[in-house]
C-alpha cells in the first residue's frame, strides 16, 4: 500500500495541470502531444485510491529536521539521464519526471541522508589511507634508526672484543707479578714491590730494632718515600719470616 501511495503522490506532483503556466514554454511546440500525454496519465492512475501523506515531523518526531532536496541533488547524482538528440519528443513529453535525477524526487517516509553517507565514505577511506601512510612512514623511520644503531653496536662490540684478548695476554704473561697461578683477575690492587735501596734500608733498621715506634716509623717512611702503613707491613712480614726461619732451623743437641 505504501508503494502504491508513493507512486500516486509522485504522479500527482509531477503531472502538468491546466493552470501550470511555467510548463507552457517548455512544451509549446506540441499541444496535441501534451493533451494525449495528460489523458494517458489520468487513465493510468485514475484507478488507484488517493493517499494522504502526513508531514515528516509528525511521523518521526521533533528530532527530524527537513532536508532541502536541492542541496541533496547538488551533493550527489547517482544517475543522470542524457536525452537523445533524435528529435523525438514523445517520450520526453509523456513522462518528463523520468529525466530528473533520483535525489531530487521528494520520497516521503524515506531518509534523504543516505546519499550524504555515501558521499562521505570516500572521505573516510581517504583518511584511513593517510593514516596508513603515516604509520608506514613512521615504521620506515624506526627501521632506519635501528639499522643505524646496529652497525654502531657492532663496531663497539668489535673494539671491545679486540681489547679483551690484549688484557688476557697481559694477565697470562708469566713475568707479570700480579698474575697468580690460576691466571685469574684479582680484585686486589697490584703489588708495589720495594726497590733494592728501600729493602736494604729497611733491613738495616730491622737489625737495630725489630719493633719501631710511631715517631721512628714516620721518619723511616719519610726518608724512603714510603707510607707509614707500608713500613709497618714490611716489618710485620719480616718478623713472621724470622720466626719461620727460627722454627725450621734444627735445634742444637
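From the backbone N, Cα and C atoms, a Cβ is placed for every residue, glycine too.
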Residues flagged as region 'Disordered' in Swiss-Prot, choosing from 142-188, 189-235: 142-188
Three-state composition of the DNA-binding region (187-246), taking helix and strand from DSSP: 42 helix, 0 strand, 18 coil
